[in-house]
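**Q** The structure's right below; bear with me while I get my questions together.
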Amino acid sequence: MERECEKSVVVAVVTEPRFTQRYRDYLEKQKLLDRQYRVEKLRDGTVALPVLAETLSEHHLQELKNRVAPGSTCKLTQLLDPLPSKKARVCSPAQRLCLEVRRWVEDRGVTWSTELEADLPRSWQRHGDLMLLSEDCFQATQWKRLEPELWETVASALGVQRLAKRGRVLPDGTRTPTVTLLLGDHGWVEHVDNGIRYKFDVTQCMFSFGNITEKLRVASLSCAGEVLVDLYAGIGYFTLPFLVHAGAAFVHACEWNPHAVVALRKNLEINGVADRCQIHFGDNRKLKLSNTADRVNLGLIPSSEEGWPIACQVLRKDVGGILHIHQNVESFSGKNPQPPGSSNMEKKHWPHPQKITTDKQGNRTTGSCMGEMSSASKPEWQRWAESAESQIASLLHQVHGKPWRTRILHVHPVKSYAPHVDHIVLDLECRPCPLVG
């Protein structure tokens, strides 16, 4: 889970106040409660308990809802800038870093200044014994004269053995990170999410911390006997939950970043599912696969639209299937939803998971996919979903030469960005129309 000393975003379990103590007792016993942050009361009167997302699983959520506190509403949310606990306020990681670096710098005869203090890391991600620093730190010229010993001091203050510093993601289609290794001899790290092991090289591959709720949702799906095509597999963010927890019979994983493919192969092996997955290396728009998938995952943002034609191509011709379409949607009032052109955005608080569903009369309504919801889905989400549904129906007709019917099952928020941009997932059911006559 991402740890930041400023503008932190943490996952929290939300329930009613009367169930808070039972939830707290269970989470503490399971070592899931994040003691760095305080339990918070939300605007709608519910209570959010910060948790360690890297060890939280769908099983724990079901335990809370069905055994620990029957009748409770158990939902996930994310908290922006959560309040630190009393214990954490004694000396925060940021304060400890500042104190130790300042002491070390002054011992070497360098005058400490407000410029140097402002140039310390504002955020970081912990990857086991490696800390990945934000790109906007250690830019002052004075630091250069203190390398490489400086990095040993920083690592010691943060309690790690290795250090790296991230830069901007390259606009090369493969989302290659520009990460510099400052201390250590390699960038390979391991994460465990929901019982799934992910290994990757932070200098070559991205890891999507903010997608934990979507990975948990995917893991809870019932995909027994199904064939899935994951058009943007990466290191296995969604391929692995579909295989390990959702029970997919087989996955075709498409990826064109060679470094991500190396990590994906490792992750399939260490999770014991390599025999149920075929990797298709290269541009998925040239994929020869067709008439195969019961389900297609299109996990690319800001838009997966370039993959829509191939998604239609790989669906089974006899019964069709379900598309999981990721998209960033702008939510400006009075504007048609458009995918944003930049991913250089700052995370904000995001709402609880929701859905748009279609009733028997064809009227679309909003509701909950994980218990009752406290806020309505945004109209821009619904307008984009309807537009995507129409385009997919047209593509299906073109690809298969006959009409198909489509139906919006759910629209789920994953996370929100500033300004006014939401990462959402549309679950779209696609079925061939029965022959008449």
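Placement of Cβ uses the backbone N, Cα and C atoms for every residue, glycine included.
When I checked Swiss-Prot for this same protein, it listed these features:
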type	residues	note
BINDING	Ser208, Lys215, Glu255, Asp283, Asn284	S-adenosyl-L-methionine binding site
REGION	331-374	region 'Disordered'
COMPBIAS	331-344	compositional bias 'Polar residues'
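Quick one: how deep are these features, and who are their neighbours?
**A** In the three-state DSSP scheme, Glu255 (S-adenosyl-L-methionine binding site) is classed as strand.
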**Q** How many other Cβ atoms sit within 10 Å of the Cβ of Ser208 (S-adenosyl-L-methionine binding site)?
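**A** For Ser208 (S-adenosyl-L-methionine binding site), the 10 Å Cβ neighbour count is 16.
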**Q** Validating a neighbour-count step here. Other CB atoms within 10 A of the CB of Lys215 (S-adenosyl-L-methionine binding site): how many?
**A** 22
**Q** Under a criterion of Cβ-Cβ distance under 8 Å and sequence separation of at least 6, what residues of the same chain contact Asn284 (S-adenosyl-L-methionine binding site)?
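**A** Same-chain residues close to Asn284 (S-adenosyl-L-methionine binding site) (Cβ under 8 Å, separated by 6 or more) are Leu231, Tyr232, Cys254, Trp256, Gly307, Ile310.
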